[in-house]
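**Q** Here's a structure for you.
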Amino acid sequence: MAPTTPLLELVDVHRTYPVGESTVNALRGVSLEIREGEFVAIMGSSGSGKSSLLHILGLLDNPDRGEYRILGRNVNALPEDGQAGLRNHVAGFVFQQFHLLKRMSIVDNVRLPHIYSGLKGDFRHEALESLKKVGLMHRLDHTPGQLSGGEQQRVAIARALIGNPMILFADEPTGNLDSRNSLEIMKILEELHREGRTIVMVTHEDEIAAYADRVITMRDGLVVSDQRRDRVCLPAGPSVPLTLDPHAMMDASRNLSVWQDGRFIGFVQQAFQSIFANKVRSLLSVLGILVGVASVIAMMALGEGAKVSIEEELKSMGSNLISVRGGSARVRGAAQGDGAVARFTFKDVKDISRMHSLVKGAAGTVNGSGQIVFGNRNWSTTLDGVGYEYGSMRAFVPSIGRWFTRDEIRKREKVAVIGVTVARELFGNNNPIGHTVKINRINFKVIGIAPAKGFSTHRDQDDVVLVPVTTAMYRVLGRDYLNSIYVEVRSAEGIDGAKEAVSDLIVKNHRLREGDDSFNIRDMTEIQEMLSSTTRTMSMLLGAIAAISLLVGGIGIMNIMLVSVTERTREIGLRKAIGARREDIMLQFLVESVGLTLSGGIIGIIAGIGISALLAVFAGWAVKTSIVSIVLATFFSAITGIFFGLWPARKAAELRPVEALRYE
């Protein structure tokens, strides 16, 4: 760079602004140079164009026409991210409104520009040095709201200095201060000038402009006066070294990665500061997400629980089973009751058992109700008369005691295997084996306790008494027919063939017509499909509730983020003024949106697990919360935050610095 090259140079710069249907010429062909080490005051009445000139010099705005050069390089044509890099490294800003972030301490406010610098480190030491320069070491733990106006402006100056910028831009730095604080601020600026700092200041007060060594006066968008004061001498201190290449800086800014320089961590911290600063609003905005995630967790817990219950129930029923039950005959359209036509016999059981190529075994059953009494205790229960093969087919062989023998069934012996519920109600913790009980006033000897089965979809499977089928038919219930026949098929592949063969046999034995509905044959696959269908329907219902809740919650998040963008427009302007790129602003608001939805998601996960536990305890429903459901809930929370936060984040990123800073 030649020694005569100015630090800043404007060549025939024009700037117009639309006002309603007309336009205002804020700058009309302004040309000027500012050299290293100058202290320049720009003066003029309201509407003269002085602020517009400062905004262009500080890269907060672009001219419509003309050139703006820094160190001889034309910069007004640079892309937005390139200008952001220059604002961060070349310029420091002091505003009339201070523009400090209320939620941050003054140390964090001062080191804020370094989030966007691409440099690693927390820069606390540099922030302390800047605060020491402006005399605020005794206020380190304070927030802006705890400081006076003069102290807040000193914090703003410290923030402007932390990156050791080439130029300090001050827009009415004393405009909101009393005379004493104004004097203190101007002494600080004067001292910085003596150290070699280039300062460009806008003011409308002559006594403030008197601190500058050069005064430019604006009127109607034109420079009408440019005076250097005779009293001014060269700065006493060394000048700030001009080593920054704007074009190299633009390339560096464009290549910055939020993952490499630690900015992402800063965005996360600031996002949660914003969330916790508005706790009630944040909580209300995530209610939809909370309900949606809780629904997902509860839905999947119920679905998994139902699946486990179905598997356990089918396991308790035995494998590769088909059941043959009596249907309902109809006379003139009126149902005649279960099994009114097809009343099965032991011959049916024997004939089915002889199908050796398809069937491993068959057992007939008869069902009724029974009153069982032991001592002074009695219990109403289900009474099942069953065959010998039933124990192994339906997994009822006792773990305590024994099962019936074929001889006991043939002789119609009065022996019983009782379920766990019956044993508990009649005997408590005592062993019932060998004791005599009365079933419908007939004495029976307890020979075994059936394995625990748990609840099925309609009843407690442990609330049952099993007796030999012949005993039940001829001694207790007084029947000469079977209610149902259970058939164990040799393989799952042979179930369809076995069903067809059994159907043909029943039709033949009972002389029924083809397609007669007086009996039906079912296998466990049909039962499983029926139960699974019910579970799927419930899951779809809960899934719909979850989807609607997530949609409503997402819209709530988008609404609250749009409000947040509006409320924080000046903050966005400040961040852009100190070097934030479009990507930085967009990512910050996206992180905040995702932070909200993840917070709602975490609360929803806890609520969903709690609801599942309550359903298990009070409703007796089977539930099973899985890691998969928690991962899915977290994933959908994050996706909702990204999807519904994208528009507000984009809106924030597209704000122009100068317009955002002026927002009322």
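First residue shown is number 1, and so on along the chain.
Keep in mind that glycine also has a Cβ here, set from the backbone N, Cα and C atoms.
Not measured: the values here are computed from a predicted model.
When I checked Swiss-Prot for this same protein, it listed these features:
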DOMAIN    8-245  domain 'ABC transporter'
BINDING   G44, S45, S46, G47, S48, G49, K50, S51  ATP binding site
TRANSMEM  283-303  transmembrane segment
TRANSMEM  543-563  transmembrane segment
TRANSMEM  602-622  transmembrane segment
TRANSMEM  627-647  transmembrane segment
**Q** Within 10 Å of each Cβ, count the other Cβ atoms, then let me know which of the binding-site residues G44, G47 comes out lowest.
**A** G47
**Q** Cβ within 8 angstroms of the Cβ centroid of G44, S45, S46, G47, S48, G49, K50, S51: which residues besides those meet this for the ATP site?
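**A** Apart from G44, S45, S46, G47, S48, G49, K50, S51, the close residues are S52, H204, M218, R219.
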**Q** Per DSSP, S51 (ATP binding site) is which: helix, strand or coil?
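**A** In three-state terms, S51 (ATP binding site) counts as helix.
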**Q** Other than its own, how many Cβ atoms are within 10 Å of the Cβ belonging to S51 (ATP binding site)?
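**A** A 10 Å sphere around the Cβ of S51 (ATP binding site) contains 22 other Cβ atoms.
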**Q** Just name the most isolated of the binding-site residues S45, S48, going by other Cβ atoms within 10 Å of its Cβ.
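**A** Counting other Cβ atoms within 10 Å of each of the binding-site residues S45, S48, the minimum falls on S45.
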**Q** What are the sequence-distant neighbours of S46 (ATP binding site), meaning same chain, six or more residues apart, C-beta distance under 8 angstroms?
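**A** Correct list: H204.
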**Q** Out of G49, K50, which of these binding-site residues shows the lowest number of other CB atoms within 10 Å of its CB?
**A** G49
